[in-house]
Amino acid sequence: MAHIHCTDIVKSYGAHPVISGLNLDIPNHEFVVFLGPSGCGKSTMLRMIAGLEEVTGGRIEIGGTDVTDLPPGERGVAMVFQSYALYPHMSVADNITFGLRRQGVSKADIAPRLKQVAEVLGLENFLDRRPKNLSGGQQQRVAMARAMIKTPKVFLFDEPLSNLDAKLREKLRTEIRRMHLKLKTTTIFVTHDQLEAMTIADRIVLMRDGMIEQMGTPDEIFERPASRFVADFIGTPAMNFITAQLEPGLIAHSGSIRLQLSEVEFPSLKPGQEVELGLRPARMDLCEPGSANALTGEVVLVENMGAEGQVITEVDGAEISFVTQGFRDLSIGDTVHFTIRPEHIHVFDPKTGRSLRKD
Amino acid sequence: MGKLISTTLTRALLALLIIVALGPILWTVLGAFKELRDIVTPVPKLIFEPTLDNFATILRNPTIRDGLMHSVIVVSASVLIGAVLGIPAAHTLARHARRWGDDVQFFVLSLRFMPPVAIAIPFIVIYLDLGIYDTLFGLILVYLITTISTVIWLAVPAFERVPHDIEEAAAMEGCGPAEVFWRFSLPLAAPSLFGALVFTFVLVWNELLLALTLAAQNATLPVVAASITSLGKEVPWGVINAATVLLVLPPLVFIGLLMGLLNTMVRSGPK
Ligand SMILES: Nc1ncnc2c1ncn2[C@@H]1O[C@H](COP(=O)(O)OP(=O)(O)O)[C@@H](O)[C@H]1O
Ligand SMILES: [Mg+2]
């Protein structure tokens with residue numbers, strides 16, 4: 001049983017505030033990802049929950065116990081570091097069992113637990129080696145085994161995969177996800193990689209400058225971004241943004257572009273209002289000239305992504321990109337028509353950057 | 001063919017350099033085992049009947065024996081206390097007060113800019129007042145300045161090379177600060193720390209000026225060895241050579257150990 005409550009967390013280094021009044025509730029069993037650009041305070045937040053960093057203000061509760069003033073070892077949490085932080089002077093087996101041996105758990109009790117985690121993580125053949133004689137992926141597995149064997153209340157991961165190559169990263173990502181489905185231990189996972197966050201999270205906490213910009217399931221974050229910042233941060237290729245004027249009938253108008261918006265999603269919009277439109281490249285596709293919500297542009301560049309291709313076009317002097325499977329028939333200089341459905345268009349307040357979608 | 005000549009030339013040059021570098025040392029070592037009449041021959045003798053008389057003379061000579069004794073006591077005490085006080089201090093500086101670390105390092109370096117005489121003379125006055133002039137305790141005290149500061153100077157970077165994450169991972173497993181230091185920081189920094197201690201040892205083992213000015217009856221080996229050379233005309237060359245060998249032996253052994261350690265460290269590569 002370990003839900004996590006963070007209340008009014010403040011953290012500053014000297015006069016420099018890093019986290020300013022953050023509130024966060026993580027239910028038991030949930031896999032939460034802290035996502036955000038580098039330097040937004042993800043690690044700081046994680047390290048405060050771990051107890052490696054003191055809070056400047058606020059309380060942290062884990063499983064109903066106030067742990068704000070407890071040392072890291074007494075919080076019932078285990079952490080996996082980006083650098084793995086294995087003990088170089090110990091064998092893999094000793095690395096994994098150090099915590100248990102330190103607590104005075106008997107050898108007879110440790111042996112089966114070691115065997116079990118080693119099996120789960122495929123480390124049986126490496127137990128006698130020193131960490132430096134393992135590959136990066138194996139070292140990462142040892143770090144995970146070391147965290148798992150203690151059966152903690154909470155797992156904390158700080159960018160655990162960013163030192164691995166793309167292939168291995170994907171593999172371990174799946175393994176971590178699978179392990180969570182089995183163990184159901186409450187987990188916080190820090191990353192700056194939005195794709196990693198989308199694929200692994202039950203819920204994403206998207207952070208910006210020490211504040212939570214949006215909290216929600218990957219679908220919510222992707223389909224209903226609360227702000228332009230979130231919309232811009234999530235999704236590859238990145239979202240297109242167009243400043244437009246609203247006309248009666250909820251038509252957004254900008255140069256040659258005229259787009260019908262969804263009345264259901266944006267009931268509060270008024271004609272004459274200036275808005276910022278967000279168009280996801282992946283939500284657009286080729287269409288016949290004259291179709292509803294069609295945009296017309298000239299192909300500037302075609303990027304082959306395998307099954308699909310990103311087509312970068314110039315519309316009224318600005319670049320707009322979209323993704324299509326039919327990219328192979330296009331060449332630079334062609335005139336293309338592409339369209340987006342009203343319910344896929346995001347509308348933001350150009351001043352505050354907040355989404356104008358109804359709650 | 002050209003390559004063969006050039007390697008041969010390089011080898012010859014290297015051999016020459018080694019002879020030039022090791023010649024005097026070799027001559028000293030040989031001299032330590034010669035009788036005086038074998039040393040003062042007009043034609044240098046390479047073949048001779050080796051004798052241990054010189055070493056026996058030294059070890060039987062109470063001045064030299066006491067000097068050796070004093071050296072061992074003073075140097076080991078000051079290095080040991082320097083390590084006990086300096087190593088934890090260095091860890092704290094490296095982890096919790098990085099900005100002071102630089103100042104400490106500069107302070108230590110600045111001690112080495114200063115001519116030793118500048119410390120020696122005020123120390124004579126202070127020591128006479130305190131009644132610790134010409135005592136081993138006084139020597140240990142003054143050497144502690146060197147050993148503590150040198151240990152800190154060299155150990156701060158050694159601890160900085162211990163990854164912070166490892167200490168934090170240990171803390172996550174419930175280790176308190178002292179346990180983290182004993183079980184992780186210290187063993188991981190040990191190779192570099194050993195080097196620091198050897199360097200510190202050599203530094204005080206060879207120290208002459210402070211020992212010369214702050215002690216008379218309680219002279220250390222360098223002081224005694226220096227005094228033998230000024231015995232006048234009847235120079236006991238063999239004894240001098242033996243004394244030199246005795247004096248040089250501990251640092252050489254330590255430096256040999258240090259080099260071996262460095263080699264294994266380089267071979268095992270960075271973590
Ligand atoms: N020990 C520290 N001293 C001063 N500033 C720090 C310290 N640790 C982190 N910071 C600052 O806090 C901010 C957030 O850092 P961090 O939590 O590591 O970001 P993230 O993990 O999101 O990339 C950064 O601006 C960083 O410079
Ligand atoms: Mg970070």
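Any Cβ shown, glycine's included, is placed from N, Cα and C.
Taken verbatim from TrEMBL:
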TRANSMEM  B:12-33  transmembrane segment
TRANSMEM  B:68-94  transmembrane segment
DOMAIN    B:68-258  domain 'ABC transmembrane type-1'
TRANSMEM  B:106-128  transmembrane segment
TRANSMEM  B:140-159  transmembrane segment
TRANSMEM  B:180-205  transmembrane segment
TRANSMEM  B:239-262  transmembrane segment
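Proximity of the transmembrane segment (B:140-159) to the transmembrane segment (B:68-94) is established through 3 or more Cβ-Cβ distances under 8 Å for residue pairs spaced 6 or more apart. Among B:12-33, B:106-128, B:180-205, B:239-262, B:180-205 has the largest number of CB pairs under 8 A with the transmembrane segment (B:68-94).
Tertiary neighbourhood of the transmembrane segment (B:180-205): same-chain residues 71, 74-75, 78-79, 82-83, 87-88, 91, 143, 146-147, 150-151, 154-155, 157-159, 161-162, 166-167, 170-171, 222, 250-251, 254-255, 257-258, 261-262, 265, selected by CB-CB distance under 8 Å and a gap of 6+ residues from either end.
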